């Protein structure tokens, strides 16, 4: 108890210090990405730190833990989304005009570089790196700090895309205020990322049409054996002040379902290794019943790819039908009690659709493996 009390006092001191740094304009905690240097806000609020840099932080408590005792991956995703929502909403309201709130449209691939422990302080730093006419790109770094030793480490990197929705009509997308780039190449690189994610979002929306159906008495190691679903009634605590679900709430539920699928498949401790792009196809309003479904799509020797689909049912509005709200692929690894990675049982696809999804997952796995190896090669 004494250590916890001391940790809480230190955490409060750290929050106060972070606030002073933010006001003083000393920028973000953690390393920046070299290809995406911070840009400058244009408008009445240009006195903020570069790009309106947003820093949030809090101590990780026992209710943030997964069954293994580390911080739940969904909790980290939720903190990432909150930081992104703050900075993008702030920027989109930086000029005079119709007020808006930034809604999450997409999360690019997110890597879990290192586990975060209960009792550590999570520092989440966000900055805007590109804007188009109707969207904002935000890059987020997550650092963990051991407040007893002072040691810090980078645990997560993520890129998120937001769109500004009018407060008067949340179905209306507003224009994004411009930013000033430090160099022309930075804007060109951002435009390429924007066009790439836009194309992939369109392809994903058409591809993810089928619904996960339960199967009686499935065989072990098959897709049906581990597929899982959660049903959740969207309440006020899940929503923004404007009545639709926080993207972070949806991501945490998706991570929980993916974790259940992975645990059922390998019967060991599991941990989130990465999240492929999460696409938010439509808003989820308060009062909807959402079904979050997960199924195994591919296994390598030591990793599992799980597809997660979110369907929303507006039960209080008979004029609306059930619709696909979000979709993503999660990658999990199996761990021993000592925290070492273990081989996973190989998935046995049965139907033609399952075999097709397996080959598609294999392609994504090999593509990402080649990309990692390319980054690991020494520079000449």
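Going from the start of the chain as shown, residues are counted 1 onward.
Placed from the backbone N, Cα and C atoms, the Cβ positions cover glycine too.
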According to Swiss-Prot, of the residues 133, 168, 172, 252, the one annotated as N6-acetyllysine is 168
According to Swiss-Prot, N6-acetyllysine sits on which of 283, 321, 369? 283
Pick from 153, 198, 286: which one does Swiss-Prot list as N6-acetyllysine? 198
Under Swiss-Prot, which of the candidate ranges 288-318, 350-380 is annotated region 'Disordered'? 350-380
Secondary structure of the domain 'HotDog ACOT-type 1' (50-168) by DSSP, residue by residue, totals 26 helix, 57 strand, 36 coil
For the modified residues listed here (168, 198), which one has the lowest count of neighbouring CB atoms within 10 Å of its own CB? 168
Looking only at the domain 'HotDog ACOT-type 1' (50-168), mean pLDDT returns 93
Helix, strand or coil at residue 283 (N6-acetyllysine) [DSSP, three-state]: coil
